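Look at Swiss-Prot and you will find GLY9, PRO10, THR11, GLY12, VAL13, GLY14, LYS15, THR16 tagged as ATP binding site. Sequence annotations record features per position, and here Swiss-Prot assigns substrate binding site to THR11, GLY12, VAL13, GLY14, LYS15, THR16. Annotation source Swiss-Prot lists region 'Interaction with substrate tRNA' at 34-37, citing sequence analysis. The site 'Interaction with substrate tRNA' annotation in Swiss-Prot covers SER100, ARG122.
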Amino acid sequence: MPTLIVLIGPTGVGKTELSLRLAENFHTSIVSADSRQLYAELKIGTAAPTPDQLKRVPHYLVGTLHLTDYYSAAQYEQEAMEILHQLFTEHEVVVLTGGSMMYVDAICKGIDDIPTVDAETRQVMLQKYEEEGLEQLCAELRLLDPDYYRIVDLKNPKRVIHALEICYMTGKTYTSFRTQQKKERPFRILKIGLTRDREELYDRINRRVDQMMEEGLLDEVRSVLSYRHLNSLNTVGYKELFKYLDGEWELPFAIEKIKQNSRIYSRKQMTWFKRDEEIRWFHPEQETEILEYLRLQNLTHLPSLDTF
């Protein structure tokens, strides 16, 4: 049966190298589940696969969009499922990897069939947000859809705005479209989670930020400065350096904030992933144990322990 190996874990844990090794040994491809690696302009700050890594293993949904392109989790689900359908005609196993929780869920569970927001409604809501602010939009959401108001992250403007767009466009609550029924997939899903001790993970995150700065992250941020108003750049590593370029923060302070916010994000990721009882957790260096786990799932064409 076609099998999707879903390799997940917090930022900086070491997903990239292990995903490459798995894909190489299964002679297959990698589909990205990273909402920021989609953008061609964002390479260093998103830890996108390097040219050498892209040569080692074919990757999909990396660098396919530009910053001005609108893209939703529902669009990701549709495009990724089309890619997987094609890949499974050629491979028994495909690897999906990334840390964007909603994108992983889009493939493993499916996205509710929520109407696509038309351009006019989107423009109206963005203008309301700019003129009235998030607090006023939250107040409107409380009146129009109190059930969703109670569970949504009220500090996330994208979520609040999208819910209001649906309310205004359809005359129905956003909640009424959220069936949250898991979709059946024509392939088996094996979820492998990577984790490290907190101190070890935080040290890796800190060192990775330093490496990004050495590789030219500041120049990359300068190159997208004119697009800073876009949601795609409301991203750790970019929003902090925007404040440095504005003269609001000193560079060392901005770098420390990137590290701090990356650590906070890693905790949010782990909180999300820990709710999923289907994930089997390993340390990234437990390659032998991971391979043995896959062997027990009756996968054929497994690499030998000696070559992995």
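Just so it is clear, glycine is given a Cβ too, placed from its N, Cα and C backbone atoms.
Listed in chain order, the residues near the substrate site other than THR11, GLY12, VAL13, GLY14, LYS15, THR16 are GLY9, PRO10, ALA47, GLY99, LEU194, ARG204, PRO284, each with its Cβ within 8 Å of the site Cβ centroid.
Other residues of the same chain near the ATP site, with their Cβ within 8 Å of the Cβ centroid of GLY9, PRO10, THR11, GLY12, VAL13, GLY14, LYS15, THR16, are GLY99, LEU194, ARG204, PRO284. The subset of binding-site residues (GLY12, VAL13, GLY14, LYS15, THR16) lying with their Cα within 10 Å of the Cα of SER100 (site 'Interaction with substrate tRNA') is empty, i.e. none. Helix first, then strand, then coil: DSSP counts for the region 'Interaction with substrate tRNA' (34-37) stand at 0 helix, 0 strand, 4 coil. For the pair GLY14 (ATP binding site) and ARG122 (site 'Interaction with substrate tRNA'), the C-alpha distance works out to 37 angstrom.
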